[in-house]
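As annotated by Swiss-Prot, active site applies to GLU117. Annotated Zn(2+) binding site per Swiss-Prot: HIS141, HIS143, HIS212, in sequence order, evidence recorded as sequence analysis.
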Amino acid sequence: MQNITQSWFVQGMIKATTDAWLKGWDERNGGNLTLRLDDADIAPYHGNFHAQPRYIPLSQPMPLLANTPFIVTGSGKFFRNVQLDPAANLGVVKVDSDGAGYHILWGLTNEAVPTSELPAHFLSHCERIKATNGKDRVIMHCHATNLIALTYVLENDTAVFTRQLWEGSTECLVVFPDGVGILPWMVPGTDEIGQATAQEMQKHSLVLWPFHGVFGSGPTLDETFGLIDTAEKSAQVLVKVYSMGGMKQTISREELIALGQRFGVTPLASALAL
């Protein structure tokens, strides 16, 4: 019998959660991560599944995700511990045939449950499936330090925030030309913040929760981690620049346009217009 802990998706989750912990983005039980799988991914590991998978209803049906398996982080679990005990901190779940709930097929031992942000993740998965024709498979939420810091000093406006991040590091416009969506402050772990995040995910692969953290979406764990890492690096540069008295010079609008043309991306118009 093949061991599911050696599968590409469990190993990928171990690496992503460990890297995020080492970055300082996921203190205590902060942050959560979900990866959409296919039946073929989990088929070799049926022998590892729970004999009687627990069923948990969703707070609202999500028929678009019917019969879809995911690997998810657990509620109250520490990213730093995933590498030590994957089965206690991760779980493979599968949405039922009508999208009304899911079974926990593997992991989340000792009656653990998926992340409290699962509604936000699943709603965002639905929107990114539609926005990318199924290409995006990962939703990652973390507490990226410098991005959070900027939400206290920059106007929490998509165009303003996006433009500052683009100017903070040349690669940013290439990596996230669609800009950064921003919510008002909202109570986490609710359907309301999940719906608001998903609405922004229709237009942006990055969504900021002011004074809290960031949501990122991408086709792979590496791409999604790299997306957040790129934005966070720019935020780190900006924090240093603002601490030194602000910008004396920066990347101009004309240079941003040239950058987009060189790499074949279309920058968010509202950010470019500032």
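Including glycine, each Cβ sits where the backbone N, Cα and C put it.
In sequence order, GLY30, GLY31, CYS142, ALA144, ILE148, PRO188, TRP209, GLY213, VAL214, PHE215 are the same-chain residues whose CB sits within 8 A of the CB centroid of HIS141, HIS143, HIS212, the residues recorded for Zn(2+) being left out. Proximity of HIS141 (Zn(2+) binding site) to non-local residues of its own chain (separation of 6 or more, Cβ distance below 8 Å) is seen for GLY31, ASN32, LEU33, GLU117, ALA120, HIS121, GLY213, VAL214, PHE215, GLY216, given in sequence order. The Cβ neighbour count for HIS143 (Zn(2+) binding site), using a 10 Å radius over every protein chain in view, is 19. Following the DSSP three-state reduction, the secondary structure of HIS143 (Zn(2+) binding site) is coil.
Using a 10 Å Cβ-Cβ cutoff, HIS212 (Zn(2+) binding site) registers 17 neighbours.
Taking the Cβ of the residue listed as 'active site' as centre and 10 Å as the limit, one finds 25 other Cβ atoms among all the protein chains shown.
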